Amino acid sequence: MTGVTYLDSVAHCTRVGCHSPCSTALQEEEEGTRTHLCECKEDILMNTTNQAELFQPGCVLKICAPMVRYSKLAFRMLVRKYDCDLCFTPMIIAADFVRSVKARDSEFTTSKADRPLIVQFAAKDPLILANAATIVAPFANGIDLNCGCPQRWAVSDGYGACLINNPELVRDMVRQVRNQVCIPEFSTSIKIRSLKMTLQWTAVATFLYIEIGILLFLCLPFISAMRMLRRVVTLITLLANTQETRHVLKTQAEMSEEAIKKYKEENEYLRKVNTTVLSTLKKSTADSEVIRKETDNITREYDRLLVEYAKLQWRSRQDTLASFAEDLKQKFLWETNPEQTTESGITTASPEPKKPSPKWEKRRASKATTPAECRDAMAGASGGVKERLYKSGETSRKQRSL
């Protein structure tokens with residue numbers, strides 16, 4: 001099907017038992033007899049599986065065109081009770097129909113009595129339209145591509161009337177459907193809008209405008225003055241409310257702009273303060289790191305000086321104890337052997353001094369590295385000297401007693 005023609009003059013078939021309407025009951029008189037040229041439409045519907053055969057010359061075909069939100073299954077079954085021959089579904093977006101099972105269950109419902117049926121799709125891709133046609137092929141007699149919808153959303157999405165400017169795309173979509181659907185009786189039609197203003201449509205439009213004018217002219221005198229005044233007052237009130245609302249909205253907009261400006265200024269100030277605080281914090285962190293390093297250096301130097309001081313103190317005590325021990329030794333020798341001294345009190349000969357014990361040599365040779373070790377070494381050295389002095393005193397007393 002490439003189009004549908006709606007005829008104004010309707011006559012009925014004159015065949016006995018046939019009540020089907022015809023667009024023109026063409027009758028020709030030959031030899032005093034009347035010959036009817038059209039066949040009964042019920043016979044055509046019963047004997048054909050291709051809805052294209054419904055379009056017979058001289059017969060009126062009742063078609064329920066696709067209507068948004070109305071041409072559902074219930075409405076189609078209703079119009080079929082009034083001898084509707086062919087029904088269309090509402091326009092269905094092919095992409096959503098193919099992609100979503102929920103969309104298929106919501107947009108397309110049918111039954112065995114809903115025949116013949118044409119499913120109208122809005123599509124802009126040949127493959128998607130062919131897939132949608134394959135889905136509905138077992139449940140319908142054909143599809144119809146909508147190339148006439150003038151709504152803004154459809155045109156902006158590439159559907160509807162904008163496809164008229166791209167006939168190559170329409171051709172590819174029709175070919176893809178015919179190649180993919182394997183049912184020979186499955187039809188593919190295109191819905192378009194005619195731009196020609198025929199005499200018929202001109203007369204209808206003129207009649208409607210004249211009727212509206214007459215109704216207005218006849219109804220105006222019956223409107224009372226009070227009603228007109230009430231309407232005027234209502235309109236003035238609405239206008240005043242609108243102006244007041246506009247003033248309030250303008251005031252709120254100004255206050256909002258002032259608040260935004262103040263917020264921006266505070267945000268800029270906080271950003272500057274934040275920058276200053278961050279720089280100060282970085283500087284303080286660097287200074288604290290320097291102070292920490294200096295403190296570590298001072299601590300290490302202090303420990304080193306403590307060790308040096310302990311070593312020096314230990315060495316000084318060692319020297320003092322050594323000289324004291326030597327003096328005691330000389331005094332002891334002088335007391336035990338006075339005959340070896342001269343008149344001047346200087347010892348001329350002295351016995352060979354005894355060698356210090358290995359323990360004493362070991363203590364003198366040890367070198368301490370910490371203050372505690374130095375104190376322990378000094379205590380051990382003084383104790384050894386006292387023990388030797390005590391033993392030498394005991395020996396001298398024994399000699400004197402002998």
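Numbering starts at 1 and runs along the chain as it is shown here.
Placement of Cβ uses the backbone N, Cα and C atoms for every residue, glycine included.
Unlike curated entries, TrEMBL annotations are predicted automatically.
Marked as coiled coil by TrEMBL: 246-273. Residues annotated as compositional bias 'Polar residues' in TrEMBL: 337-349. The compositional bias 'Basic and acidic residues' feature in TrEMBL is assigned to 385-402. The domain 'DUS-like FMN-binding' feature in TrEMBL is assigned to 64-192. Annotation comment: TrEMBL describes 197-251 as domain 'BAP29/BAP31 transmembrane'. Positions annotated as domain 'Bap31/Bap29 cytoplasmic coiled-coil' by TrEMBL: 280-316. Under the heading region 'Disordered', TrEMBL lists 335-402. Positions annotated as transmembrane segment by TrEMBL: 201-223.
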Exercise for the section: Provide the three-state DSSP residue tally for the domain 'Bap31/Bap29 cytoplasmic coiled-coil' (280-316): helix first, then strand, then coil. Expected result: 37 helix, 0 strand, 0 coil
Practice task
Compute the average pLDDT of the predicted model within the domain 'Bap31/Bap29 cytoplasmic coiled-coil' (280-316).
Solution key: 89
Practice task
Give the residue counts of the domain 'DUS-like FMN-binding' (64-192) per reduced DSSP state, in the order helix, strand, coil.
Solution key: 60 helix, 22 strand, 47 coil
